[in-house]
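Following: one structure in structure tokens, then a few remarks.
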Amino acid sequence: MRGIVAQGKSSGTAEAVPLSRTLKRLAPFVKPVLPRLIGGFFCALGAGIVALAIPQVLAKLVNDVLAVNGASAQVWYAVGIITLLGFVEALLIFLRRQFVLNPAAGVEMTMRVGFYKHLQRLPVAFHERWGSGQLLSRSMSDLSLLRRWLAFGAMMLIVDTVTVITGLALMFTHSWILGLLFLLGSIPIAIKAYHFRNDFRAASRLSQDQAGDLATAVEESVHGIRVIKSFGRGRDIYEGFNEQAKSLQETELSKARTLASFLLTVVAIPETILGIGLVIGIAQVSAGTLSVGSLVAFFAIAAVIAIPVEAMGMLLGMTLSTKTALERHFEVMDSINDITSPEAPVRPAQYSGAVQLDHVRFAYPDDAGRARPILAEINLQIRPGETMALVGITGSGKSTLLNLVPRLQDATAGTVKVHGVDVRDWDLDELRTEIAVAFEDTTLFSTSIRENVLMGAPGDLAAEQREALLAEALDVAQAHFAYQLADGVDTLIGEEGLSLSGGQRQRIALARAIAARPRVLVLDDPLSALDVRTEEAVTERLRSVLSGTTTLVVAHRPSTVVLADRVALLRDGRIDAVGSHANLLSTNEHYRYVIASLDENEPEIRSEVAR
Amino acid sequence: MSRPLGVANEDAVTLTGAERKEVRRRSFRLLAALALPQKKLFIQTIVLVLFTNAARVLLPILIALAIDWTLPQVRQGNWAALGLTGGAYIVCANLAGVLLSWYIKCAARISQAMLLDLRQKVFRHTQRLSLEFHESYTSGRIISRQTSDLETLRELLDQGVSELASSCVFIVFTLISIFALDWRSGVVVCIAVLPVAVLFHWYQSRSEVLYRESRVVSARVISTFVETMTGIRAVKAFRRERANDANYADIAGQYRDNSVRSFNLFGVLQPGLVLIGNLTVAALLAYGGFRIIDGTLAVGVMVAILLAAKRVFQPMDEIAMFYSSLQSATAALEKVSGLLEEEPTVLEPRSPRSIDRVRGELVFQDAVFGYGDGPVVMDRFDLKIEAGQTVAVVGQTGAGKSTLAKLIARFYDLRSGSLELDAVPISELSNIELRRHVVMVTQEAFLFSGTVAENIALGRPGASLEEIHDAARAVGAHEFILDLPDGYDTDVNKRGGRVSAGQRQLISFARAFLADPAVLILDEATSSLDIPSERAVQHGLQTLLGNRTALIIAHRLSTVQIADRVLVVHDGKIVEDGSPEELIAAEGRFAALHQAWLDSLV
């Protein structure tokens, strides 16, 4: 329970992708807003210049204008200039924000929505591997970091670089020796920066991954709250979480240490160099090879440069974190979606309702590449309109087989055909319109019962037709309880709404599958949470609804098998036998073992009861 | 208000005066509670900041010294003076660097300590809260409280509380120097505080609402995201992708709009402050200019005042930034503190009692139960379950079977009456002790990320591998686990580790086996099992149940086969009670259910 995921993903792809290549991937998103970003950059630069200019202008106005020729007109003239400059500075700052923030927030949102869209289309197999907390942290904090960097970090990095270079050039004009000295000082900084980059990048990747894993831990602690509570394992779960939170803290602190040691270099080295420069400069002045004015100017420039040089440490750190955030983003965006519609989807000649599996194999490949075969060789034909039950022991691959029909998974080998067309040749949406599914774990969405049930219903129905469909589906699924809820069928359910019992959820999910009016219906043990009476009632209604709909239903009980025209027995990844319930019962021993509790156990029960 | 608000008005953006006052207060209280333990570090950091600044202030002074004093000395041949000045400069420079880096480490320690503290508080608290709360407060909300809300606190702390202190110190010192130069100009600068205050007040009132909205919208973004990702199979099967795209884009758009609005608000504050600063300088220039003409102010003093006045406003930027982060964090902590205010409805006893040798006898007396403030669900019943008895509870969906189970597991408390385990009210048992004796296995068999073995070991942390295997063997899960790619070490979240719903139930059964409690409650715990597996589990149960009390809820009467006693629940009442054969003979509800079940078998 503790941070297993962390080990999985936090190891991180530490391989060095150059910053430029990562940033290049931003280009399509940034390109449309580039003019605004450049505009913002110039405003930032302009604001900086005005801010620096105001004190100079002030001194000049007072010393050269007011002191020499004091008249009220002169005073107003000076005040006018300063007021004007004051407005210009404020305006430029205002404009910078106006130029930059909106587009940066736009890029953030575009990428966030794109991320979500991509995730929705990635195959189920992907989602089984990735905790939603880890994905969430990539969608929220990573992208908001990018926004801040775009709006502030990137811009300031450029502004600061320009300032430093300009300052350096000015230094050279005053004294080339001192300028050269100062430049030499940047060598150790560059070396340090190189190491800093490596250390910080690794730490920042680790911390972002750990934060994601922490979110996954939170998510599990909430989704698994019933288990935790009934076993009284709150403390253990907390300790696991705490351990993870502490390692995140440790990573953050080590990040801070790395940054602190870099900043130490960035502050101490230039200033030390300046100290040496001071000695040399004074010596030069006393020797007459340098003017006092130049020396003062040199240090004045150095003082101006010191601020952006120091800020660059922080900005570099921010840039590296952003790079990591982008890598994490693109890592998901680059995941290959191998379940997509083909370029030229095929439409079936006839929507017959036939479902056919030929030589189907399925294996879950694990990370080491070893394959765990679930389905070895499946050949199965479900005739149009027929209801076929799928029977087999737990873990025999029944659910996996069902997943292949609406193409939630792809077969490793062989073909699955719906209406005679290979599912891989179908347009995905069309295929899934043909098929409705009720899963064994019932997921309902945060909306009304009505919306949930009519989720897959044909879109072109009139209001009354929709109502009729809703009523019928709820009736067949024996979900009449919906009408007794506070807001009837408009009661909100799901995550954000009323929590229903397992049996209630299952009935709503069943109603949802029925209301979709599919030609092919796939039901995974749809009655498992129902009591005998309800099950009986559902079965009775279901049978009439199912006539004409090709149905594949996983059954654990004889009571569900009753629905079926034929039964297919799954064993060791193969279809062991196909036939009617009665037929299989009398001819197949494994079938009797799987489905019939009574025959075999009757004497035993009798003896129990008698005891 | 006697009862705290808690999460009641969490989605509200505009609050009444009283509500607003309360949520603000609890938010600041939480912030103070987090900051207080870090008092020493805070002081240390502020001292470091002051010294760092002092060392840096010394540097330009040293340069001035070098030109005014060292240079003439050197010209007179006193080279030692040069060495002294240069040396002092280098020492100060390195000191400034070391102090700065120390300060950064300290600030990070504060920020991380407070974050960890809050993380722990929220996590512990949500775990402590009763199931009743969790059933209405969604996981998406808790996740958003624990991720994006905490993030805002982090941003606030990274903004540098101590830098704020140094900014304030800087402002005060500069202001004093202006007063020293010319008190009238000082007064002018002080007047400028007025529009600054107005501007801040304006910003505060506007941003408060925006930031509060931001928390609500961001929680919605997160909830939507989490719901989609957890329900991805249904999303795909019912082709929700496009509708979800639109919905999410809409919510993400709201989030962006909200962000942009708060950026724009700050975009007025920041240049506004700069403008006020610049206009103050202009005002000083006008005021001073005429006094120069009068001859009542010296030109040199005037220049010094103007430059100082310009500098006074420089740290305003940082203060504004800090203030904005503070607003954002306060809004987030309003929500977090609301969550922390929620009290579990099922409370730990003040002075817990314990049971020396647990037998497993359960007695309900005059018990009345209803959910929350809702209607009574189970009205006044008595029930005695002897130690070691295996009791099957049957009845229709919604009849109250699960309620009975939840009461015994103490997920809920009775409204009145008593429930005792071995003559001790279960509400007087400590949570740890209660959970050791009473374990409930539910239908939804949740697996945590980690290996299969770890998931089973959740039943009894510290169990040996041998014991884990035995538990799995007892429920017939051993074989399929061995077939997984890495056997017991298979990560259930990794590719290839996926197990079916039935297998998950088997694993959670093994968990219960390992826990080995005196009272075992099975709430629909075998619903996804096939008949052979169910048989294996039942066989295992019979050995496990030996001298244990068991309450088994099942729709399938197959489970009843191993029961000593059957309770039929209908409309919140126990309507039949007796041994299976007695009830079958009595021809009541159970007999009818049993017949229906027998019919369903073939």
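Keep in mind that glycine also has a Cβ here, set from the backbone N, Cα and C atoms.
Summarising the annotation, TrEMBL assigns transmembrane segment to B:41-67 (among others). Counting same-chain residues at least six beyond the ends of the transmembrane segment (B:41-67), those with a Cβ under 8 angstroms from any Cβ of the stretch are 35, 82, 85-86, 88-89, 92-93, 95-96, 99-100, 102-103, 106-107, 109-110, 113, 161-163, 165-166, 169-170.
What TrEMBL records for B:46-328 is domain 'ABC transmembrane type-1'.
Per TrEMBL, the feature transmembrane segment maps to B:79-104 (among others).
The transmembrane segment annotation in TrEMBL covers B:161-180 (among others). Remote same-chain residues near the transmembrane segment (B:161-180) are listed as 42, 45-46, 48-50, 53, 103, 107, 110, 186, 189-190, 305, 308-309, 311-312, 314-315, 318-319, 322 (criterion: CB distance under 8 Å, separation of at least six residues from the stretch ends).
Within its own chain, the transmembrane segment (B:186-203) has Cβ neighbours under 8 Å at 175, 178-179, 265-266, 268-269, 272-273, 276-277, 279-280, 283-284, 287, 309, 312, 316, 323-324, counting only residues six or more beyond its boundaries. Feature annotation from TrEMBL assigns transmembrane segment to B:186-203 (among others).
Away from its own ends, the transmembrane segment (B:263-286) comes close to residues 185, 188-189, 192, 195-196, 199-200, 203, 206-207, 210, 305-306, 309-310, 312-314, 316-317, 320, 324 of its chain (Cβ-Cβ under 8 Å, at least six residues beyond either end). Marked as transmembrane segment by TrEMBL: B:263-286 (among others).
Look at TrEMBL and you will find B:292-309 (among others) tagged as transmembrane segment.
Residues or ranges marked as domain 'ABC transporter' by TrEMBL: B:362-596.
As a whole-number mean, the pLDDT of the domain 'ABC transporter' (B:362-596) in this prediction is 87.
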